[in-house]
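Participant: A single structure is presented below for examination.
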Amino acid sequence: MQVQHLKTQDLLAIGLMTFALFLGAGNLIFPPAMGLDAGTSLTSAMSGFLVTAVGLPAFTIIVLGRIGSTKNLTKALPKWLATTFWILLFTAIGPAFGMPRAVTVAYEMGLKPFFKADHLVAFSIVFSAITLLLAFKPGNLVNYIGKIMTPALILLLAGLGLAAFISPLGVPAAPYGDYQHSPVTSGLIQGYMTMDAIAAVGFGWVIIQAIKAKGIVSQKGIASVSFKVAMIYFVLMGSCYIAMGYVGATSTSIATHGMNGSVILTRYVAGEFGIYGQWILAAIIIMACLTTTVGLTNACAEYYQQTFKASFGLTATIIVVLTGIIANFGLEDILKVSLPAILVLCPVAIALVLASLTASTIHVSTLTHTSVLVTAMAFGTVDAVSILGKMPTDLNQFFNDTLPLYQAHASWLLPTLLILFVTTIMARLPMVARKFNVVDYRLDSAAKHQ
């Protein structure tokens, strides 16, 4: 049934679901490490961190809602290129990297501390089975994640955060490393490295489908609800990051600079809650990873179902089985194989979102989207090689001297914006419009098809 307005409880449920989809173990690990190093400059560092870690995903959700459908993001690309992009994206954030990483981290931080023997195989089987069971009914995703699991997660996280404010384990120290001179920039870089912007493109399928399932099918309606959902996500995730950052900043008595965020968090809960701390942390980590794998399973299966015309159940089963198998290769091996693809795809995804800002206002040429994609991929590859530490010394110095934002791992941004500006103007020229296919996003009917 088509409706014009969403009930407040349904809006909150979708917003809570969105928060839970993004909240993986990595989102809990990054802020404590940053908080410890930022120290007394935590406010400045966190302001930069929130812009890229929360602002970019929220912005992506808003843009996807504005164009009415996640698939419209690549509507102006040649079909083969659009299909290639989506397959690579969902494979990377799904069974090849995102989901196995969630399973492995859930085991390493959630269960392993309680056992001497290695039980990763058994854990991955049980975890994958629960994921599949929950994912088999995508229509109920809002109910059991948004209305049940997320409130429980928020209560546990609130307990951790409040403890740090009420009885901190130390006082923030002087800034360390890059945070001494450029805390805001360092925060921006750390926030970007969460790579949640690419997850937002994938989760967009689930979020928009959840909105449509509540009867909102007009493009205007989807845009309005998506904006409100993005704001709920922004407030919740931002609050979580601030709390976890403060945990790190006040853990000076139990942690040292350069320490992994997971170690800081583990020591913190032990110091604050004693023997029960590890159980609380285990519950948070496992639930956070579970909501992420369920959401990714739904997003990936939805796309594969539509692309390859296979049943949702079959595609979901294949995705989860592959996830369980790959998870047993270990986190180190998973990162070596899949991280380069993620590092390249993230700039491409953001570039396509930026290109889609022109949607609903002007006609968009395939020239614009294709040029933007190629530019972001080329410079994104340069950034990926640099992040992985594989850039030859001479080339590294050359790029450092010639490419703006190279040190910030965002050398792709300015060239992409320049190409976007130039090709958008070119697309309005009659001779260009005749040569390149022009796509009009201003169709409500387009919003009715995922």
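Heads up, residue numbers simply count up from 1 along the chain you see.
Heads up, the Cβ atoms here are built off N, Cα and C, so glycines get one too.
For reference, TrEMBL lists these features for the protein:
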type: TRANSMEM; residues: 12-30; note: transmembrane segment
type: TRANSMEM; residues: 42-68; note: transmembrane segment
type: TRANSMEM; residues: 80-99; note: transmembrane segment
type: TRANSMEM; residues: 119-136; note: transmembrane segment
type: TRANSMEM; residues: 148-169; note: transmembrane segment
type: TRANSMEM; residues: 189-208; note: transmembrane segment
type: TRANSMEM; residues: 229-249; note: transmembrane segment
type: TRANSMEM; residues: 279-300; note: transmembrane segment
type: TRANSMEM; residues: 312-331; note: transmembrane segment
type: TRANSMEM; residues: 337-359; note: transmembrane segment
type: TRANSMEM; residues: 371-389; note: transmembrane segment
type: TRANSMEM; residues: 409-427; note: transmembrane segment
Participant: Which residues of the chain, 6 or more past the ends of the transmembrane segment (312-331), have a CB below 8 A from one of its CBs?
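Facilitator: Sequence-distant neighbours of the transmembrane segment (312-331): 94-96, 99-101, 103-105, 107-108, 120-121, 124-125, 127-128, 131-132, 135-136, 138, 293, 297-298, 300-302, 304-305.
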Participant: Could you name the stretch, out of 42-68, 229-249, 279-300, with the greatest number of CB pairs under 8 A to the transmembrane segment (189-208)?
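Facilitator: Stretch with the highest Cβ contact count: 42-68.
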Participant: Hey, does the transmembrane segment (371-389) touch the transmembrane segment (229-249), meaning at least 3 C-beta pairs closer than 8 angstroms, sequence gap 6 or more?
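Facilitator: Answer no: the transmembrane segment (229-249) and the transmembrane segment (371-389) share fewer than 3 Cβ pairs below 8 Å.
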Participant: Can you tell me which parts of the same chain pack against the transmembrane segment (42-68), counting only residues 6+ beyond its ends and a CB-CB cutoff under 8 A?
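Facilitator: Hits for the transmembrane segment (42-68): 18, 22, 30-31, 34-35, 172, 179, 183-192, 194, 196-197, 199-201, 203-204, 207-208, 211, 219, 222-227, 229-231, 233-234, 237-238, 241-242, 245-246, 249, 349-350, 353, 356-357, 359-360, 441, 444, 446-447.
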Participant: Under 8 Å for C-beta pairs, could you tell me which stretch among 119-136, 279-300, 337-359 has the largest tally with the transmembrane segment (371-389)?
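Facilitator: The stretch I would name here is 337-359.
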